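Asker: Just lifted these from TrEMBL, have a look:
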TRANSMEM  62-80  transmembrane segment
TRANSMEM  92-109  transmembrane segment
TRANSMEM  115-138  transmembrane segment
TRANSMEM  150-168  transmembrane segment
TRANSMEM  174-199  transmembrane segment
Amino acid sequence: MNVFRLTGDLSHLIAIIILLQKIWHTRSCAGISGKSQILFALVYTTRYLDLVASYVSLYNTFMKFIFLATSYATIYLIYIKFKATYDRNQDTFRVLLLIVPAVALAVLINHDFSVLEILWTFSIYLESVAILPQLFMVSKTGEAESITSHYLFALGSYRALYILNWIYRYATENYYDLIAIIAGIVQTVLYCDFFYLYITRVLKGKKLQLPA
């Protein structure tokens with residue numbers, strides 16, 4: 001545990017809170033990709049199957065529970081509670097293009113050829129690209145609400161901070177996980193254009209627009 005992991009987890013929690021607050025207070029899922037949220041739920045489900053089988057710490061267990069519970073709560077709000085406000089016509093990214101390669105990579109490149117390890121590796125690969133349906137949706141519609149932009153920025157910051165966590169762990173513990181590091185870099189790179197637009201537009205009170 002170090003400051004980069006803690007702030008990364010905090011940024012992740014802030015992203016989730018922003019998203020849930022946006023949906024609940026506006027009573028609308030407009031601008032939110034349900035497909036990205038399904039992918040995140042799949043990520044946490046396959047990653048945290050060890051929740052009942054192993055215990056690391058109270059903090060670890062609590063965070064796993066929070067991510068699982070909030071991911072399914074978000075799906076409930078999008079597809080059931082406020083389904084009338086969900087724009088399926090804009091959320092058209094083909095998620096199988098992300099899931100199938102993640103499965104193949106997890107089977108071919110992993111630390112140990114066991115069920116739990118393959119599922120954990122799959123979750124790492126899938127998380128690196130799970131935000132693509134959301135970014136595709138923003139690009140397709142041409143712009144994003146400020147609150148959606150804040151959610152994306154907090155989520156991207158979480159991954160960037162985790163890269164710093166890996167650097168810190170390598171420097172202090174001589175430990176690294178190449179799969180997690182590469183996946184984290186890929187995910188952070190996907191956010192680069194968004195980070196630039198967020199800083200140059202949203203923080204100046206302008207609407208965020210991605211190139212179509």
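For all residues, glycine too, the Cβ spot is worked out from N, Cα and C.
Map the listed features onto the structure and describe their local environment.
Answerer: Same-chain residues lying 6+ beyond the ends of the transmembrane segment (150-168) with a Cβ under 8 Å from its Cβ atoms: 2, 4-5, 7-9, 11-12, 14-15, 18-19, 22, 131, 134-135, 138, 144, 176-177, 180-181, 184-185, 187-188, 191, 194-195, 198, 202.
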Asker: Six or more residues beyond either end and a Cβ under 8 Å away: which residues meet both conditions relative to the transmembrane segment (115-138)?
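Answerer: Apart from its flanks, the transmembrane segment (115-138) reaches 31-33, 35-36, 39-40, 42-44, 46-47, 49-50, 90-93, 95, 98-99, 101-103, 105-107, 109, 144, 148, 152, 155-156, 179-180, 183-184, 186-187, 190-191, 194, 208, 210.
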